[in-house]
C-alpha cells in the first residue's frame, strides 16, 4: 500500500518547496523570517478589509440610495443643499465660509457679462427688440478683458493684479458722483480681470472638455481649497471626505467651522476690491442702458446674477459672511458624482440615505450609469422656466426639449424600471416672472400654439408632456410623483422633501417585502 503524505510529512511537495535551503546563513534566515512576517501581516490586513466590507455591505442593505438627475443648471445641487440643511445643518455651517469664494466669483462673472454685453451693443440701447440670433450669440471670453476699450489702453494692467496696484480711482471732491459706462468699465476692469484666479481656486486649475464654454466645474471637496491660508487649513472638517469606489467622493457630516477666520490672500483682495467697487457696481446695475437691455432681453442674466447684484451692498461689506439664502443661490457646476450621506429619522427608525448629486452637462452623463443598478429612487429635476433657453453645449437644442429627451432615457432604462420616480418641475418662480413680463412661450415652443400664455396653462402643458413620456415607458405601472418646485424656497422645499421622503420610504419597504 502506498502511504499518502500528511501535511507534516517531509515528503510533502509544499513542505519541500518552502523548506529553507541547507546553505542558509543566519542573515538569510533573518531576512526570510521578516518576509514571512510581512506576508502574514498583508494577508491578515486583506482578511480584515474583506470582513469590514462584508459588514458594510450587510448594513447598507437597509440604506436608501437616491439619485438626483437632470441637465446642468436644473437645480440639483440646490436641492442637495436643502437636504443637507434639513438633515445635517451643522455640515452646511462648516462650509459657510468656503461659499464666500463662490459668491464673489458669481458677482465678478455677472459684472463681466454685463460689460461684455454692453460692448456688443456699443454701450447704447438702440431701441430695437432683441433678435434670436443675438440672444444665442456666444460672446468671446477673450474679448471680455477688453470690454470695448482699445488693448493699448490697458497694456499696463496685469490680469488679477492686486487692488493696491490697480484699484479703482479714488473719488475726489471734484469727481462726479455718477460715471458713464466707459468710465465704469475702466474702473471695474481690475475686478473683472481677477475672475480667472477665482475660477482656478474653485476648480483647482482643471478644465472640462465637452461641457460648454467658459464654465467652472468643481469636484467634491472643493470647499477645502477655498479656506487655506498658506499651507494651513482653517476650520478643518472632521471626516471631511473619503474616497469610495470608482473615485466617488463620499461626504459625511463634519464639525462646525468657526466663521471668525482670516481668509486667504486672494479672497481678502477680492473682498477689498468689492468694497472699493460697491458704488460702481451699483451704478452699473442701475444704469438706464443696462435696465433697457434687460427689459428688451438683449442682456440675459441668470437668476443668481440678479439676486447677488440686488444684494451687492451687503455682499461687498468687509465682514461679509454668506447667509443660507446666499448659499442656496450660489451657482457652481458639479463635475462627476458626489455622494452625500444623511441619517434620516422616519417614524422612529433611523435610515442612512445616500444622495448622489451628479454633473448634468452632456459630457458628464455617462458617469451616471454605474449608480443605476442599486438605486432605490430618482428625483428628476427639470427647469420648467428654461423654455426660452438653449444648451450651453449645443445652442441649437432647447433646454425643455433636452430635459424631455433625458427623461425619456431614464424612464426607458431597464435598470431603472423598478426605481421609485419623482419629477420636480423646478424654477416655477422664474417661470411666473417671465410670463408676467410678457415673454411668449409659443415663440420658443412652437407646439404650444395659441394656448393662453398663463402660468397654469403653461405648467399643465409641460407636465402633460412628461406624463406622456412616463406612460409610454411604464410597463410595470410605476407611479410618477410630480411636484412644482422652487428649490431656493426653503420652507416650501422642505415640506416637499418630507412628502418625497415618506413616499420613497413606503415604496422601499414594499419592495423589501416588509409591509
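Using the three backbone atoms N, Cα and C, a Cβ is placed for every residue, glycine included.
Remember, predicted model here, so these are calculated numbers, not experimental data.
TrEMBL lists 328, 329, 330, 331, 332, 333, 334, 426, 427, 428, 429 with the feature GTP binding site. Residues annotated as Mg(2+) binding site in TrEMBL: 334. The region 'Disordered' annotation in TrEMBL covers 1-33.
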All-chain count of other Cβ atoms within 10 Å of residue 427 (GTP binding site): 26
Extent of the GTP binding site in Å [max Cα distance among 328, 329, 330, 331, 332, 333, 334, 426, 427, 428, 429]: 23
Densest Cβ neighbourhood among 328, 429 (binding-site residues), 10 Å radius: 328
Protein Cβ atoms within 10 Å of residue 332 (GTP binding site), excluding its own: 21
Close in space, distant in sequence - residue 330 (GTP binding site), Cβ under 8 Å, 6 or more apart: 99, 102, 103, 106, 304, 322
Residue 334 (GTP binding site): tally of other CB atoms within 10 A of its CB: 22
